[in-house]
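Notes for the one structure printed next.
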Amino acid sequence: MSTLAPLRLLREPWNASEGNQSNATVGAGGSWCQGPDIPNELFLALGLVSLVENLLVVAAILKNRNLHSPTYYFICCLAVSDMLVSISNLAEMLFMLLLEHGVLVMRPSIVRHMDSVIDMLICSSVVSSLSFLGVIAVDRYITIFYALRYHSIMTLQRAVVTMASIWLASTVSSTVLITYYRSNTILLFLIGFFLFMLVLMLVLYIHMFALARHHLHSISSQQKPPTTHRSGSLKGAVTLTILLGVFFICWGPFFFHLILIVTCPTNPFCTCFFSYFNLFLILIICNSVIDPLIYAFRSQELRRTLREVVTCSW
């Protein structure tokens with residue numbers, strides 16, 4: 001447990017022997033195959049920042065009745081998922097430090113059980129985060145292209161059913177993952193789920209980006225001076241570009257890691273890639289830090305409520 005980190009079960013392929021892994025690493029050559037040495041303090045710092053940010057988002061949405069709508073409920077659930085990522089990371093890192101310094105003494109069987117529980121919580125939060133990112137994309141798409149019918153399509157009842165279904169599916173899938181993590185079928189399911197969410201968001205956001213670009217072109221062709229609508233469309237286009245870029249950068253390396261585990265567990269270059277697993281985890285935690293800035297803090301109403309929460313103006 002010298003470098004215990006979230007999702008440790010997926011750190012290295014289990015279908016390659018230890019000797020083959022070490023030989024492959026040496027064969028690939030160079031210290032770059034050892035991966036970066038990321039201090040535990042960085043995991044703790046990012047986890048704390050993410051926890052505070054997402055906790056503020058949840059508090060603000062609960063406080064302001066104007067934010068009690070399906071859109072903000074989805075954002076609130078995303079914040080809760082990101083909070084679970086942070087809490088799980090902090091709990092595991094503290095658990096590791098206490099064991100390493102002899103402050104906490106536990107039997108190996110209890111340690112393994114604690115590890116499984118924490119990993120299950122992390123896996124559940126990862127799956128739910130991806131799911132709510134997709135749901136938010138669908139919700140924004142309906143808001144733009146079916147604005148007049150939005151309230152009849154995205155009712156509160158449907159929103160509640162959607163949120164409950166995601167949390168239930170996340171819990172079940174994380175339990176199955178931890179129980180059968182050595183199965184390539186489970187990894188293929190995770191990879192397929194990520195690719196589905198990536199394609200879904202890509203299609204929806206590109207369509208929304210095209211609409212914003214068409215709107216800007218229409219205004220320019222009429223030779224009108226810049227208006228608030230034009231700046232709003234431009235802001236929306238930039239936001240969509242940021243969303244896709246952040247999603248791909250933060251989640252892509254981790255799921256590419258899973259693809260390599262399935263396709264080339266003994267290949268020297270794949271083995272070198274596995275050694276960068278902690279860096280991929282840092283990117284996922286960074287995503288939990290960035291999500292509130294993109295999805296929540298860009299809302300003027302939510303920013304105002306956040307200021308009230310921070311100043312304790314209940």
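Every residue gets a Cβ built from N, Cα and C, even glycine.
According to TrEMBL, the domain 'G-protein coupled receptors family 1 profile' annotation covers 53-295. Here TrEMBL flags 42-62, 74-97, 117-138, 159-180, 186-212, 233-261, 273-297 as transmembrane segment.
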Task: Arithmetic mean of per-residue pLDDT over the domain 'G-protein coupled receptors family 1 profile' (53-295) - done: 81
Open item on the list: So, taking each listed stretch (117-138, 159-180, 186-212) in turn and counting its Cβ pairs to the transmembrane segment (273-297) that are under 8 angstroms, which one gives the highest count?
Closed with: 117-138
Task: Remote residues contacting the transmembrane segment (117-138) - C-beta distance under 8 A, at least 6 residues beyond either end - done: 6-9, 71, 74-75, 77-78, 81-82, 84-85, 87-89, 91-92, 95, 162, 166-167, 169-171, 173-175, 177-178, 193-194, 197, 200-201, 204-205, 243, 247, 251, 284, 287-288, 291, 295
Task: Distant-in-sequence neighbours of the transmembrane segment (159-180), which means Cβ under 8 A and at least six residues beyond its ends - done: 9, 70, 73-74, 77, 116, 119-125, 127-128, 131-132, 135, 186, 189-190
